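Student: Questions regarding the structure given below will be posed in turn.
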Amino acid sequence: MNQPLQHITVLLDEAVDALLDGAAQPVAGQWVDATFGRGGHSRRILQRLGPDGALLAFDKDPDAIEEAARITDARFSIRHEGFRHLSELPAGSVQGVLMDLGVSSPQIDNPERGFSFRFEGPLDMRMDTTRGQSVADWLAEADAQQIAEVIRDYGEERFAGPIAKAIVARRESQGPLRNTAELAELVAGAVRTREAGQNPATRTFQALRIFINAELEELEQALEASLRVLAPGGRLVVISFHSLEDRIVKQFIAKHSKEVYDRRAPFAVPTPMRLEALGRIKPSEAEVAANARSRSAVMRVARRTGVPA
């Protein structure tokens, strides 16, 4: 079995510089790392904060909470919750929010988590292993139409129908799927054509992970919450790793970075923009060469205006 890979934080300096607006001096105020992971961004942010700065992190993963316990800095705190709970912070109280979406290398490379088709392990895929339904449990009760919709909508898999039928047929003949190897083998048999350089199970595993963790719904909730909690001039920095995430982030920033006119009342004052889009950044060639998993990353940055949410 391959050894688990060490997590390499993607766009580390670029993200923190964007969050802190390139500040050369230690900064004050309340900051949020909405997806602690293994703490790469949090540790770098803490290095840039002054004595009056504070960093609040969020993460669902018990392993992330365990890693966060190693940070003894009094300016740091973490909540064992998803980042949709940003909504519980006071309005206008935060100077910057950073979101690094997706799964970390330690999660992917730990067979016991069930995120990867490369390792045999339980078919779990929950970000928070202390609560919720596993992929195995859901596949044991969902019908073919439900399974196909999830794989199609969240994996953009054109063979979603045949895959779903194969899962249900396997369940009816041999019992429910229980490990990643069984699912990967079944998907490989149902996918009629292969994409060069991509395992046929890639899209199905992505879809089931996104669905079981309600990742896109939580992202939408967290983005809306960030609009309310960010102070005027505060930064929103989001790193995404696939088109479904990036599309949501891109559309959210675009929606709030333009004046909105009510066509039913053409002479009414338009709703002013609440965000100023500051662009997107991709990893450098050097970063991709050092960390192949950074290849698909896209970072989008926006600044909060003074218009109320």
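Backbone N, Cα and C define each Cβ position, glycine as well.
According to Swiss-Prot, the protein carries these features:
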- Gly39, Gly40, His41, Asp59, Phe83, Asp100, Gln107: S-adenosyl-L-methionine binding site (BINDING)
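Tell me what's around each of these sites.
Tutor: The Cβ of His41 (S-adenosyl-L-methionine binding site) has Thr9, Leu12, Ala15, Val16, Asp33, Leu98, Asp100 as same-chain neighbours under 8 Å, each 6 or more residues away in sequence.
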Student: If you count, for each of the binding-site residues Gly39, Gly40, the other Cβ atoms lying within 10 Å of its Cβ, which residue has the minimum?
Tutor: Gly40
Student: Please report the number of other Cβ atoms within 10 Å of the Cβ of Gln107 (S-adenosyl-L-methionine binding site).
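Tutor: Its Cβ has 22 other Cβ atoms within 10 Å.
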Student: By a simple count, how many Cβ atoms lie within 10 Å of the Cβ of Asp59 (S-adenosyl-L-methionine binding site), its own Cβ left out?
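Tutor: Result for Asp59 (S-adenosyl-L-methionine binding site): 27 neighbouring Cβ atoms inside 10 Å.
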Student: Can you tell me whether DSSP puts Gly40 (S-adenosyl-L-methionine binding site) in helix, strand or coil?
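Tutor: The three-state answer is helix.
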